[in-house]
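Everything below concerns the one structure shown next.
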Amino acid sequence: MALRTDWNGVFPAMVTPFRENGSFDEASFKALIELYISEGVKGVVVTGSTGEWYSMSDAERATVWEVAVEASSGRITVIAGTSAVGTREALALTRTAKAVGVDGCMLLPPGGIFAARNEVVNYFHTLAGVGLPIMVYNNPPRTGVNMDADMVAEIAKSEEIVSFKDINRYLYAASEIIYRVCDKLAVFTGLEPYASSVLPRGAVGVVSTISNICAANMVSYYNAVISGDSATAYKTQKLIDQLYHFLPTLGAPAFVSVKAAMKLLGRPGGEIRLPHLPANEALIGKLREELRRLKMMTLN
């Protein structure tokens, strides 16, 4: 398969809106997709970690994919998170995603088992047999697997492997992967502040959790970096950096804080689902204060 030149830009790692009773809030999800499209994103990743896939049944994930395809109507790229612990489970999910009509899928290595190098390579080659374009996701803290350039190049030998998302905080290692495979794979960073460093090296986009809070700003940041507009890049990156470093200080899982921020900003992120617990008043108060300081919300 040829390099996916249409996979580029800002792809929000979408939250999945839930109602207070835990059910999927389809109306809010559709509203979010429309909001992101209006803010200039080029694609979305649904039912990834930010989308709380680990709390959803396979049927629920399939429903989210169907709604995403319907709501986007071909206007943006839709990537379905089809990660699972076992190969059989991931194969079944990826086949379902293909049948639904998504543009591609995003997959972590098998999680929680610290898979060996050859097992990870075989895992992705096996899943490539489904025939759906795959974005390989390197997230060492979640999987215990840190892919280096040699491993990614080996995985990329399968034609259906078309993209790579990396959250490696070691810039040299991230750069080595980009240099090695950017002629074959559309490389995305999952670390928003790193975009200004990896895009000039050959990466093509950002899969962004923070975009749930400020997609328009993230798009402006990406466009400024790509076009060489250093003044706008500085202004927009400053906001992103501050959000990126502030959210972990709240002491809650990122997705809890992101949904709380969305609610404060009037963005339809919905409720969090168990095992996560809703943001408490102390966290919400700190969030409100920071969003005001960053001039992202009014004082009322």
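Even glycines carry a Cβ here, placed using N, Cα and C.
As recorded in Swiss-Prot, the features of this protein are as follows:
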type	residues	note
ACT_SITE	Ser49	active site, charge relay system
ACT_SITE	Tyr137	active site, proton donor
ACT_SITE	Lys165	active site, schiff-base intermediate with substrate
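Here the features listed in Swiss-Prot are placed on the structure.
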| residue | record | CB count, 10 Å |
| --- | --- | --- |
| Ser49 | active site, charge relay system | 22 |
| Tyr137 | active site, proton donor | 26 |
| Lys165 | active site, schiff-base intermediate with substrate | 28 |
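Rounded to a whole number, the distance between the Cα atoms of the residue listed as 'active site, proton donor' and the residue listed as 'active site, schiff-base intermediate with substrate' is 5 Å.
For the pair formed by Ser49 (active site, charge relay system) and Tyr137 (active site, proton donor), distance between Cα atoms is given as 11 Å, rounded to the nearest Å.
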